[in-house]
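Sequence annotations record features per position, and here Swiss-Prot assigns [4Fe-4S] cluster 1 binding site to C52, C55, C58, C107. Among the features that Swiss-Prot reports, [4Fe-4S] cluster 2 binding site is placed at C62, C97, C100, C103. Among the features that Swiss-Prot reports, compositional bias 'Basic and acidic residues' is placed at 182-198. As annotated by Swiss-Prot, domain '4Fe-4S ferredoxin-type 1' applies to 42-72, with the evidence given as sequence analysis. Under the heading domain '4Fe-4S ferredoxin-type 2', Swiss-Prot lists 88-117, citing sequence analysis as support. The annotation region 'Disordered' is assigned in Swiss-Prot to 137-198.
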Amino acid sequence: MGAWSGFGITFETMFRKSFTQGYPEKGKEKPMPPRMHGRHQLNRWPDGLEKCVGCELCAWACPADAIYVEGADNTDEERYSPGERYGRVYEINYLRCILCGMCIEACPTRALTMTNDFKMADTSRAKHIWTKDELLAPLKEGMEQPPHPRRLGDDEDDYFNGLPPSGQDDVRTGPANSGATAHRDDDNDTQHKDEEAA
């Protein structure tokens, strides 16, 4: 009798309405908090060059040993970042990553940040090792795919301060040679006065 009573319970519940909820619930997903630690992103400068300089500090800071970086030197013919070096190989193993954010704190150029995207489930273990192409931020309007020369500023200081080349309008200060150039001239005058006083 025991086996037949089990079949009876199964037969009764077969036609009941299911209470299982699908995941994710379409239209009911809550927005993630802005400071949530999701997947990583390699950022770009406004002209499209990569911010990563291949210093490997993120890999050294990672407690799970999930990051692999291989740096290389930029050349005048092939420039991927504004500095001397760039990250030629950049991989994050999400099977090991604990999303702690220590790599973000270690990055000196703010090249590495974390997004709110956390849905990275997949059926293959190999797909959890994200490469540089998958981690790089998409090109926005006005950006150019590297390699290419620096498009901002006359020298490295101007580039990292976001100043345009001489003769071009600075979107922050107005017409050419008014804001940023005037500021540079003031700095030079102050420096010359200090040198004369010494």
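Here the Cβ of each residue, glycine as well, is placed from N, Cα and C on the backbone.
Overlay of Swiss-Prot annotations on the structure.
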{"residue": "C52", "record": "[4Fe-4S] cluster 1 binding site", "DSSP (3 states)": "coil"}
{"residue": "C58", "record": "[4Fe-4S] cluster 1 binding site", "DSSP (3 states)": "helix"}
{"residue": "C97", "record": "[4Fe-4S] cluster 2 binding site", "DSSP (3 states)": "coil"}
{"residue": "C103", "record": "[4Fe-4S] cluster 2 binding site", "DSSP (3 states)": "helix"}
Of the binding-site residues listed as C52, C55, C107, the one whose CA lies nearest the CA of C62 ([4Fe-4S] cluster 2 binding site):
C107
List the Cα distance (Å, whole number) between C107 ([4Fe-4S] cluster 1 binding site) and C97 ([4Fe-4S] cluster 2 binding site).
16
Taking only C-alpha atoms and a 10 A limit, tell me which of C52, C55, C58 are near C103 ([4Fe-4S] cluster 2 binding site). These are the binding-site residues.
C58
Near the domain '4Fe-4S ferredoxin-type 2' (88-117), which same-chain residues lie under 8 Å Cβ to Cβ, leaving out any that are not at least 6 residues past its ends?
32-34, 36-43, 50-55, 57-72, 125, 128-132, 135
Could you tally the C-beta atoms, other than its own, that fall within 10 angstroms of the C-beta of C55 ([4Fe-4S] cluster 1 binding site)?
18
Among C62, C97, C100, C103, C107, all listed as binding-site residues, which has the most CB atoms within 10 Å of its CB?
C103
Report the member of C52, C58 (the binding-site residues) whose C-beta atom has the most other C-beta atoms within 10 angstroms.
C52
Distance between C100 ([4Fe-4S] cluster 2 binding site) and C58 ([4Fe-4S] cluster 1 binding site) at the Cα atoms, whole Å?
12
